[in-house]
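Undergrad: Sharing a structure with you now.
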Amino acid sequence: MKQPASQSTSGSRQRPGGTGMPLIGQIAKTTQGPMRLISFSFDMTQAVARRRFPLRPGLHCSIYLGPYFIAFIAFIAIRPSSIMAAVLTGWLPPTRENWALTLAVFQISYPLISLLQIPLSWYGMGKTSVDSRLNLPGRVAWILMEAPGFMTLLYMMKTLPQMHGIDDLPWQNRVLAGLFVIHYTYRAIIFPLIQPSMSPIHILVALMAVGFQVLNGTCIGAWLAAYGPVTAEAWAEQSSTGQFVAGIAIFYIGLASNFFHDEELREIRRTEKRRQERILGERAGGNAGGGKTVSVEKHYQVPQAGLFRYVLYAHYLCEWLEWTGFLMAAGWGCAPAWAFLTNEVCAMLPRAVKGKKWYIERFGEDKIRNKWAVLPGVV
Ligand SMILES: NC(=O)c1ccc[n+]([C@@H]2O[C@H](COP(=O)([O-])OP(=O)(O)OC[C@H]3O[C@@H](n4cnc5c(N)ncnc54)[C@H](OP(=O)(O)O)[C@@H]3O)[C@@H](O)[C@H]2O)c1
């Protein structure tokens, strides 16, 4: 295996064909032509304005704003691809410096954003979704907002090793990337397709989730592809084989039990669907549903199977276990895995605590009193 460029002191190698110029410099260079045009337009406008022609407002406006409008169109039309390229160079995929910055932003911004859930009563998704023109259909929104995570990670795995001269990533990097993709193939694609129904999701919630996924996919993906341990020696220091295997075992227990508890929630609606169909069938004289459709939208019951006997958000708890296993396998010093786990807990804990209040209001204190929200013995 070649010595990866990421091990060099400069920390990152420029993209082949890249200019090596900093981002601001590249944007400035790209936009030089349009900027001159804007400056010329400005001078012309000033010249016209100085002569103080007695212009009618409409005409005055056209003369004054016209050049700006033309310059704007030129700016957009002439060089969009090079502006895009300048903006994306060094970010997609990121250089080591930009990756470190992305990680810092992810570590700080999303926990803070998640804390806003505590004072806010609004959350435009699931049990608390409300009618809004800005709602997206649940399944579509879910796929669109969850899929960017594993797509970003795959993009990092495809591009970064090549750029850093890494011919062959260690097996640990491939296993962890594979587990991430397995999780998100279920979460982003299979999960929304097999849910009996999903409440609409507000576009703001969906956009926040897209941001989360892109940042997380970038942080973990780039770490696995180039900026984390990329040699057998580096892995020996990062996480022993025993710790790695134990972490993967925990990951699988978490994944399987997360699926099990998701399945229990699905079964509540499937059972309700069968019940409604049976009633319709009986009314129609045994004629399977009598041609009428049933709806299980927003049908909720208190789940009872597995850990749901003790905690209302057992599926969340299992998901945390899953990503704790991932962190353990990746090594306790893996900052992106820490950021992911911390952000998940910060995002889901307030939902679970508020969810418990929702269950109490809906089903009464008696049925919920003995259940924890998400962490048995704690909350
Ligand atoms: N929310 C997050 O921030 C987040 C982050 C990472 C991972 N996840 C994972 O994604 C999965 C879904 O999360 P979520 O926040 O959407 O969970 P959720 O609010 O519990 O909803 C999960 C699904 O089950 C339905 N459902 C919920 N409670 C029900 C009940 N008592 N009876 C019948 N059906 C019920 C919901 O329908 P409605 O849509 O109609 O409410 C939804 O389709 C979980 O496994 C979670 O671990 C969530």
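Counting begins at 1 with the first residue displayed.
Here the Cβ of each residue, glycine as well, is placed from N, Cα and C on the backbone.
Automatic prediction, not curation, is the source of TrEMBL annotations.
TrEMBL lists these features:
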type: COMPBIAS; residues: 1-13; note: compositional bias 'Polar residues'
type: REGION; residues: 1-25; note: region 'Disordered'
type: TRANSMEM; residues: 59-79; note: transmembrane segment
type: TRANSMEM; residues: 99-124; note: transmembrane segment
type: TRANSMEM; residues: 136-155; note: transmembrane segment
type: TRANSMEM; residues: 175-194; note: transmembrane segment
type: TRANSMEM; residues: 201-224; note: transmembrane segment
type: DOMAIN; residues: 201-273; note: domain '3-oxo-5-alpha-steroid 4-dehydrogenase C-terminal'
type: TRANSMEM; residues: 244-260; note: transmembrane segment
type: DOMAIN; residues: 297-378; note: domain '3-oxo-5-alpha-steroid 4-dehydrogenase C-terminal'
Undergrad: So which of 99-124, 175-194, 201-224, 244-260 is most in touch with the transmembrane segment (136-155), counting Cβ pairs under 8 Å?
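TA: By Cβ pairs under 8 Å, 201-224 leads among 99-124, 175-194, 201-224, 244-260.
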Undergrad: Any residues 6+ beyond the ends of the transmembrane segment (201-224) with a Cβ under 8 Å from its own?
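TA: Residues packing against the transmembrane segment (201-224) from afar: 93-94, 99, 102-103, 105-106, 110, 113, 123-125, 129, 132, 134-136, 138, 141-142, 144-157, 160, 169, 173, 176-177, 180, 334-337, 339-340, 343, 347.
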Undergrad: What does DSSP give as the helix, strand and coil breakdown of the domain '3-oxo-5-alpha-steroid 4-dehydrogenase C-terminal' (201-273)?
TA: 65 helix, 2 strand, 6 coil
